[in-house]
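Chemist: Could you have a look at this structure, given as structure tokens, before my questions?
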Amino acid sequence: MERSGASEATGSDASGPDPQLAVTMGFTGFGKKARTFDLEAMFEQTRRTAVERSRKTLEAREKEEEMSREKELRQNEDIEPTSSRSNVVRDCSKSSSRDTSSSESEESSDSSGDELIGPPLPPKMVGKPVNFMDEDILGTLPPPLNEEEEAEEEEEEEEEENPVHKIPDSHEITLKHGTKTVSALGLDPSGARLVTGGYDYDVKFWDFAGMDASFKAFRSLQPCECHQIKSLQYSNTGDMILVVSGSSQAKVIDRDGFEVMECIKGDQYIVDMANTKGHTAMLHTGSWHPKIKGEFMTCSNDATVRTWEVENPKKQKSVFKPRTMQGKKVIPTTCTYSRDGNLIAAACQNGSIQIWDRNLTVHPKFHYKQAHDSGTDTSCVTFSYDGNVLASRGGDDSLKLWDIRQFNKPLFSASGLPTMFPMTDCCFSPDDKLIVTGTSVQRGCGSGKLVFFERRTFQRVYEIDITDASVVRCLWHPKLNQIMVGTGNGLAKVYYDPNKSQRGAKLCVVKTQRKAKQAETLTQDYIITPHALPMFREPRQRSTRKQLEKDRLDPLKSHKPEPPVAGPGDCDPRGFRGRVGNPREAILRHAKAAEDNPYWVSPAYSKTQPKTMFAQVESDDEEAKNEPEWKKRKI
């Protein structure tokens with residue numbers, strides 16, 4: 001068929017193309033028809049070749065089996081008596097005839113139409129009818145299972161179906177950050193380093209591979225001076241950390257804590273916040289873009305959400321301005337990117353949730369105005385791993401689930417989850433089947449809990465009592481399968497399961513705690529040179545005790561400071577203080593000596609200073625005599 005098709009095409013080509021048209025178009029092959037192929041014929045040819053190869057392999061195997069059987073018979077003949085040889089030969093001839101007849105029947109059946117395609121059958125299956133349509137035979141069948149093994153398999157299947165069994169909470173370690181609230185947690189994408197921040201302005205770095213059982217941070221710093229740390233997040237490449245504090249300027253530091261960039265501060269006297277270069281009020285939170293390296297966003301009390309680039313810290317990239325339904329400003333309390341980075345979601349103080357297209361900053365794509373109670377701070381919004389569901393943790397003690405494809409009402413809502421911190425967050429499990437959040441408690445009024453909800457039914461399926469303080473932050477790493485928790489009493493806890501978790505806390509638990517080294521006294525080596533010149537001789541070292549005894553004999557070094565005088569001078573309303581009780585008396589004490597021996601001031605003015613003359617002071621009797629007559633008459 002192929003050749004005939006090709007000959008037809010060549011025949012048509014000989015008569016078809018116009019030489020003048022080919023010259024006009026500039027190439028000789030113009031106007032020829034494409035070569036056609038018959039796919040059915042090709043498939044049939046490949047099938048036949050496969051059948052022939054399978055036949056040849058089967059025949060070769062049968063011949064090898066016959067040869068091996070003959071060898072075995074010969075060996076048996078040498079060992080067994082001659083009387084049994086004839087029986088064996090007869091049996092072998094019968095079996096060989098049967099085998100040959102079966103092979104002939106197989107060949108006839110193969111030639112009749114059921115041709116084998118693929119590798120040959122194993123020797124045990126030769127001569128047996130095989131139905132390839134019902135089941136494919138791959139190797140040998142496993143032995144039947146015992147009842148205990150079957151029960152174990154059923155339990156494993158139930159564990160796989162129940163998401164609660166996947167929670168890694170069998171073991172825990174405690175990292176002591178400080179004494180104040182741990183308000184920020186960040187874990188790099190590989191799960192090697194954990195970073196914590198708190199109300200004590202400190203940011204601490206924890207390396208799981210480098211820690212031992214003492215669980216001590218290898219670095220601590222204050223990147224934002226005296227501002228509380230509100231959010232910490234590693235970039236998608238793990239080489240930078242976004243630090244959001246109570247100031248108006250976000251910072252980016254590297255893995256070792258050195259500053260990479262700091263956002264510029266905007267002009268607070270400009271009315272339109274889109275015309276400023278940066279935020280003008282306190283920040284709330286921030287988030288890295290999940291796909292684009294070096295892009296992140298922040299939200300602030302200046303009623304804006306701004307996106308930034310690490311390469312350009314002097315001005316933001318774009319500005320999103322949340323508005324109420326009446327067009328008034330509203331402050332965003334939290335913001336996040338979607339998993340693909342195309343959407344930006346923000347929750348506001350009026351209880352609304354607004355979602356923008358990342359490239360369109362004017363009007364939000366979705367706007368639900370009463371997601372949570374107005375006047376409460378929604379502390380967290382986060383997208384599921386499939387990108388279709390949004391979870392929001394409200395300041396009205398509730399947790400809600402939203403479908404962004406139908407953003408007109410919540411899918412589920414759970415209440416009775418008290419929160420007292422503006423950064424209490426929630427997160428999805430790595431398999432997207434559970435949602436986790438923390439609860440807050442008053443001091444001495446119970447323990448904070450980590451609560452798990454099933455996404456499909458939104459039932460409260462599991463709880464973990466963390467500590468006698470509030471649970472502020474929670475983080476479930478998808479690669480490690482470990483849960484990090486930040487509490488209100490300065491602790492960061494890591495929950496893991498040795499069988500279900502990977503690396504992370506498992507690396508440092510197995511290391512024994514290093515023994516504390518004794519403080520070594522730094523002493524300078526003393527070189528004795530008895531024959532050296534005096535200028536090159538080193539002074540003999542003396543012990544500290546002898547030096548202290550010598551200083552005790554020195555009147556200047558051993559002089560005790562005199563305490564202040566607690567007398568009338570100490571409480572003088574004119575403000576004189578110190579050793580002198582009455583400063584006027586102390587000065588006038590030297591007046592007679594200064595008058596008798598004018599040494600400092602008086603000689604300088606001796607020629608120009610006039611002679612002092614004092615007015616005479618009259619007594620009361622003299623004043624009465626000298627009074628005029630009209631005063632006396634009045635009296």
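Yeah, the Cβs are placed from backbone N, Cα and C, and that goes for glycine too.
Because TrEMBL annotations are produced automatically, they should be read as predictions rather than curated entries.
So TrEMBL has the following annotated:
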| type | residues | note |
| --- | --- | --- |
| COMPBIAS | 45-77 | compositional bias 'Basic and acidic residues' |
| COMPBIAS | 104-113 | compositional bias 'Acidic residues' |
| COMPBIAS | 146-161 | compositional bias 'Acidic residues' |
| COMPBIAS | 537-562 | compositional bias 'Basic and acidic residues' |
| COMPBIAS | 625-635 | compositional bias 'Basic and acidic residues' |
| REGION | 1-23 | region 'Disordered' |
| REGION | 43-170 | region 'Disordered' |
| REGION | 536-580 | region 'Disordered' |
| REGION | 601-635 | region 'Disordered' |
| REPEAT | 175-207 | repeat 'WD' |
| REPEAT | 276-318 | repeat 'WD' |
| REPEAT | 381-405 | repeat 'WD' |
Chemist: Within the repeat 'WD' (276-318), what mean pLDDT does the predicted structure show?
Modeler: 93
Chemist: Please list the DSSP helix, strand and coil residue counts for the repeat 'WD' (276-318).
Modeler: 0 helix, 19 strand, 24 coil
Chemist: Just give the helix, strand and coil counts over the repeat 'WD' (175-207), going by DSSP.
Modeler: 0 helix, 19 strand, 14 coil
Chemist: If you run through the compositional bias 'Basic and acidic residues' (45-77) with DSSP, how many residues end up as helix, strand and coil?
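Modeler: Per DSSP, the residues of the compositional bias 'Basic and acidic residues' (45-77) fall into 33 helix, 0 strand, 0 coil.
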